[in-house]
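*Asks:* Here it is: the structure, laid out below.
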Amino acid sequence: MPAVYKRILLKLSGEALMGDAQYGIDRTVVERIVVEIAGVLQLGVEVAIVVGGGNIFRGMKSAGDGMDRVTADYMGMLATTMNALALHDAMRRNGVVSRVQSALRIDQVVEPYIRGKALRYLNERKVVIFAAGTGNPFFTTDTAAALRGMEMNANIVLKATKVDGIYTSDPFENKDAQRFRNLTFDEAINKNLQVMDATALTLCRDQKLPINVFSIFKTGALKRVIMGEDEGTLVII
């Protein structure tokens with residue numbers, strides 16, 4: 001059976017990279033994520049990734065603690081670049097060819113974001129890892145994922161989290177919480193379900209770009225989503 005999606009935008013939160021730790025990058029977790037990505041590449045799927053930085057630095061929290069918000073957001077963007085390099089290195093060790101592009105210029109470390117080059121890399125079956133969010137303060141990496149998904153002509157945005165979908169309430173606190181198999185964008189926004197921030201949701205809704213929220217910690221979940229199986233929660237128009 002062929003994959004349902006030809007090109008995906010995978011949103012990896014920084015928290016997903018730290019596993020059960022309280023901070024930093026868990027190399028074992030990163031290696032396992034790379035193996036999952038390699039599996040979908042073998043299906044002929046083209047993969048672009050937007051990575052968060054919350055495992056290293058949380059800009060909004062620091063701003064709430066008194067730091068200038070713009071400074072805090074730029075620090076968060078640098079944290080995403082560290083995560084992107086960690087992913088890139090793990091891919092190299094596993095034989096996956098990837099390129100890192102940053103919305104902030106750090107030319108001695110990573111390439112600047114150039115849409116045409118990113119599209120060419122995807123056509124060449126290289127994984128493209130986008131760092132530094134949108135390059136602008138006040139915008140989350142969720143919004144960056146929506147933006148890059150549209151710019152890369154992705155068929156879907158896949159948000160990889162610690163939870164296997166969107167629930168009626170927090171499944172860690174309520175064992176009776178029910179997983180939604182499907183939601184509309186308006187339902188997600190009106191019910192204030194924590195899918196993505198409102199800006200990202202609205203962008204995806206307006207461009208008719210579906211989102212699937214799934215657990216990156218479930219072995220094979222990424223492949224099952226790609227194959228169109230009942231995995232995670234699909235958010236559509």
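Note that Cβ sites are derived from N, Cα and C of the backbone, with glycine treated the same way.
So Swiss-Prot has the following annotated:
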- Lys11, Leu12, Ser13, Gly14, Gly54, Arg58, Thr161, Tyr167, Asp170: ATP binding site (BINDING)
- Gly53, Asp73, Thr134, Gly135, Asn136, Pro137, Phe138, Phe139, Thr140, Thr141: UMP binding site (BINDING)
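Tell me about the surroundings of these features in the structure.
*Replies:* Take the CB of Gly54 (ATP binding site) and look out to 10 A: across all protein chains shown you find 20 other CB atoms.
Sequence-distant neighbours of Asn136 (UMP binding site) (same chain, 6+ apart, CB under 8 A from its CB) are Ala103.
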*Asks:* Please report the Cα separation of Thr134 (UMP binding site) and Lys11 (ATP binding site) in Å, rounded to an integer.
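*Replies:* With distance taken Cα to Cα, Lys11 (ATP binding site) is 13 Å from Thr134 (UMP binding site).
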*Asks:* Taking the binding-site residues one at a time (Lys11, Thr134, Thr161, Asp170), which has its Cβ surrounded by the most other Cβ atoms within 10 Å?
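*Replies:* Result of the Cβ crowding comparison: Lys11.
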*Asks:* From the Cα of Gly53 (UMP binding site) across to the Cα of Lys11 (ATP binding site), what is the distance in angstrom?
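*Replies:* Counting only the Cα atoms, the answer is 11 Å.
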